[in-house]
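J.: Below: one structure in structure tokens.
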Amino acid sequence: RIMRPDDANVAGNVHGGTILKMIEEAGAIISTRHCNSQAGEPCVAALARVERTDFLSPVCIGEVANVSAEITYTSRHSVEVQVNVMSENILTGAKKVTNKATLWYVPLSLKNVNKVLEVPPIQYAREEQEDEGKKRYEEQKLDRLETKQRNGDVIFPIINPEPYTVGYSQSSLIHLVGPSDCTLLGFVHGGVTMKLMDEVAGIVAARHCKTNIVTASVDAINFHKKIKKGSVITISGRMTFTSNKSMEIEVFVDADPFVDEPRERYRAVSAFFTYVSLSKEGKPLPVPQLLTETEDEKRRFEEGKGRYLQTKAKRQAQLQQAARQ
């Protein structure tokens with residue numbers, strides 16, 4: 001579809017959340033189709049996880065975004081979907097790949113939202129594909145478990161924070177989940193949640209550097225628990241790490257269930273977003289150094305630095321491999 005002004009920021013760059021929402025819609029369509037391709041109990045595919053995705057090139061107002069999806073692996077209860085996003089300048093015909101993402105879905109019964117159904121197997125073009133997919137499945141399963149274990153943090157407001165501190169830029173958004181946010185089963189679309197998370201992360205980044213900012217990448221997004229229609233969700237974001245030209249922002253979503261439910265607030269989603277600061281000409285700008293004050297902030301900064309260096313090393317290895325080929 002064509003990108004319009006309400007999809008973009010003031011500089012004309014399309015919000016990362018808009019692209020993530022389109023990616024999730026494509027993944028939900030193809031995985032739901034596949035899970036209902038054989039006779040059996042009807043179901044809807046629910047998003048469980050999004051692997052790291054890089055925003056390779058910005059999409060601008062007036063360009064057409066084309067999202068394509070392919071199922072690349074199925075386990076007994078989950079589906080792996082690979083999604084590519086290509087932007088097209090319809091005035092010049094120029095095309096470019098802007099995003100590549102991997103998403104995991106689970107099929108939930110239309111009759112019972114808590115029942116996970118079995119996934120029909122797919123036919124692989126070569127034997128190695130199934131082994132490679134199984135390896136990716138085991139890796140994401142382990143990472144999801146580790147992420148869930150460290151999800152106890154809460155963001156509290158800071159009175160009169162100093163500039164460039166964590167408390168200065170941290171932000172929260174409260175949203176009432178309505179029918180338009182939900183699937184047929186009455187829980188929130190993963191794409192809606194990711195779009196709200198990107199909005200909060202963008203506010204944190206803009207507050208910190210006071211410039212135009214764009215989403216550079218999103219680390220794995222883990223959907224720990226479903227969010228039902230009528231719930232009130234709080235999306236919170238805080239700066240965890242800054243390099244010379246990038247900012248890492250931790251974002252998590254907490255849900256307050258129905259009023260008549262005994263269940264208390266719970267952590268539903270968590271992720272790390274990376275942003276870069278841009279000039280009016282679209283050139284990268286230096287990012288102000290994050291000032292850490294508490295021991296927890298210093299620990300999170302070092303953890304973020306570790307993720308940054310790991311990603312940088314991986315990217316350099318890929319470039320070297322591509323150069324040899």
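In case you wondered, yes, glycine gets a Cβ from its N, Cα and C as well.
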J.: Could you check which of 128-160, 293-325 is flagged in TrEMBL as region 'Disordered'?
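T.: Result: 293-325 is the stretch TrEMBL calls region 'Disordered'.
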J.: Within 10 Å of the Cβ of Asn9 (active site), how many other Cβ atoms can be counted across all chains shown?
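T.: A 10 Å sphere around the Cβ of Asn9 (active site) contains 16 other Cβ atoms.
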J.: Give me the non-local Cβ neighbours of Asp198 (active site): same chain, 6+ apart in sequence, Cβ-Cβ under 8 Å, ordered along the sequence.
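T.: The answer is His15, Gly16, Gly17, Leu20, Thr215, Val218, Phe273.
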J.: What is the pLDDT of the domain 'HotDog ACOT-type' (1-111) when averaged and given as a whole number?
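T.: Across the domain 'HotDog ACOT-type' (1-111), the average pLDDT comes out at 94.
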